[in-house]
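Listed in TrEMBL:
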| type | residues | note |
| --- | --- | --- |
| TRANSMEM | 6-29 | transmembrane segment |
| DOMAIN | 32-244 | domain 'TLC' |
| TRANSMEM | 41-60 | transmembrane segment |
| TRANSMEM | 90-109 | transmembrane segment |
| TRANSMEM | 140-163 | transmembrane segment |
| TRANSMEM | 175-195 | transmembrane segment |
| TRANSMEM | 215-237 | transmembrane segment |
């Protein structure tokens, strides 16, 4: 069983590395003088695969478990201390492979992006401890991953449009992406974290998940949410600043006319 786990993790890492290479040399191959942008685009291609698949897989897993609990008239929170299923373990291993490869990308090519490095380290430590230490509580990862990665598809196209200089496409995506990301990470994320914290801090899972680890998990999640809110807040500030500049320029042009 241990060898199977390592094979899946290693195979997933190889797939992500291959996608990174394709993105760097093929899609962004023409950006010879923009090496950093090429690395960022390659990372986006990895994230597109990971985010799209994980959103679907976690949605299916969560829906299945919630349906089973509803049929038994049991609260879904009880599943937060349930043993990890083989399917959940596979999803976690796939995600760990992505975060480790992308973490290597940031460490080698964009080491100044401390926010994303911290996010990846925190996410990987949560998943690794749940997968290999407690072997319980993977539903919390399914919920958090599904919520986080549902924004990934649009975010990566938004980033690629920016890197490619497709201004019109980027502006169109801005109108949808920023409100959606803000709603998911600024409202749904804290709401889910609150429910998880209430359950884990109550001690109901102490027999399978040590209380100190529960506190660490919720600290990591809260840190990721704060980082996401800070990141999107800066984007809103830049957007409003750009709009003000455009408005003033238009007003000045009208006065001259």
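Numbers run from 1 along the shown chain.
Each Cβ is built from the backbone N, Cα and C atoms, and glycine gets one as well.
Owing to the predicted nature of the structure, the values given are computational and were not obtained by experimental measurement.
Within its own chain, the transmembrane segment (140-163) is flanked in space by residues 28, 37, 40-41, 44-45, 47-48, 50-52, 54-55, 58-59, 61-62, 80, 88, 91-92, 95, 126-127, 130, 169-170, 173-174, 176-177, 180-181, 184-185, 188-189, 192, 196, 217, 221, 224, which lie at least six positions past its ends and keep a Cβ under 8 Å from the stretch. Residues of the same chain lying 6 or more positions beyond the ends of the transmembrane segment (215-237) and with a Cβ under 8 Å from any Cβ of it are 115, 118-119, 122-123, 125-126, 129-130, 140, 144, 148, 178, 181-182, 185-186, 189-190, 193, 196-197, 200-201.
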